[in-house]
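J.: This is the structure, below, for whatever I ask next.
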């Protein structure tokens, strides 16, 4: 008889008292311990309910397959196949385990590299901070013999003898030697201007009329989009953009590559300028600071100075023609004249007429002895840099003056505001032309002469390019580009070298280049 569980002849047969069914002892005992019932009838069953059966020695019959040599070979083949399959499964498991181990080791190595890089950056930041705190105070002889102000990374030491009786910092002033330097620069540039000719390499009008968008370059972060200002270094054809994401991005236009991202400001960067000589970028921000960035051979820029002389948002930065001085304008109603090498504020000028307007834009005249500023109350003020006196003011705009640009010819000034663009003749101090390209709810955000003084570009809800004429002749709009950002706010427009292209920044994160498509331009991103 066979076991009711295994179906084979039992080696130790037992029988159930209740049902009389035959089982293999070890199998039924294990089942009772696990379930406590009969596996066949399902009735309760205990170990006491099974009775062993005494039998003679049981000889198991030989399987049919083992009764012949071919059968035995078949059995061996089956066992060999099973062994091979088992071995293959083990190899697969080993391969999977090795892959998982390799991936885990790679993740561990990457984590170690990231940790090492972060530690290195932390140590470098600590070293820069310690260096800034230990920086040797710099001095400059003052025209009025005032004790020089000590600076540390652009921040003045808070000493009692720096403060005047009115509670304001005492500045060294613009010395006679600096005034002589500015005058000599003005004389040289004025003489060159008399001999000035429009370069033969300048893009002709028919070429500008055929300009179209040739590249779109995503430079800034998507969570805070917006390019608020841009500048071009003509010798290297690189572009710096100031973003609402508090970063400045230096972009190589010919290759279409980002050279460096300048991080450090805590709020939006409102203005950025290249210094023509040397790898230097100056940026102003809504965090009330100005930063001077020094470039290196590897293309990276490091913050050399942090200037904290303003008490409100810095709205504009402009570089003097000597490339040794620059001016910043702020909503705190003042503009500052700085020495670029030391970062020292030589003078901080406030309008003594009683006006409380904050400055929203600023630009040097090409000769360097005149400074133009725009205010939040629609005024344009012209300053004599040598005496820091307000020598002229233009009214007639509506809303803050958002941009100022002097023509290279030396006597045209373009200003932009809520009501459009006004052109001023500096020889007669009068407005001779007004462009109102948009309705009253759309301000003109940017206005810019090209370097030759032949074209004028303005930006608002689109970009328009005018051919520069004289005071009496008509200034024709030769090209209009739509705002392809979809924001309706073109914030900055700049002509490239010889007006061969136009760089445009809007309230998205894209830098757009308009020009003639050719093989010299990188493919559109």
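Keep in mind that glycine also has a Cβ here, set from the backbone N, Cα and C atoms.
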J.: If I go by TrEMBL, the feature region 'Disordered' sits on one of 111-130, 131-150, 151-170, 171-190. Which?
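T.: Matching range for region 'Disordered': 151-170.
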J.: Against which stretches of its own chain does the repeat 'WD' (394-434) lie, if we need a Cβ under 8 Å and a gap of at least six residues from its ends?
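T.: Same-chain contacts beyond the flanks: 190, 193, 196, 360-367, 370, 372-382, 440, 443-449, 451-453, 456, 458, 468, 471, 475.
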J.: Restricting to the same chain and to residues at least six past its boundaries, which positions have a Cβ under 8 Å from a Cβ of the repeat 'WD' (352-393)?
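T.: Distal contacts: 174, 179, 182-183, 185-186, 189-190, 193, 312, 315-322, 327-335, 337, 399-408, 410, 413, 415, 417-418, 424, 426, 429.
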J.: Using DSSP, what's the helix, strand and coil tally for the repeat 'WD' (262-294)?
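T.: Across the repeat 'WD' (262-294), DSSP assigns the residues as follows: 0 helix, 20 strand, 13 coil.
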J.: Please work out the mean pLDDT for the residues of the repeat 'WD' (352-393).
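T.: Averaged over the repeat 'WD' (352-393), per-residue pLDDT gives 90.
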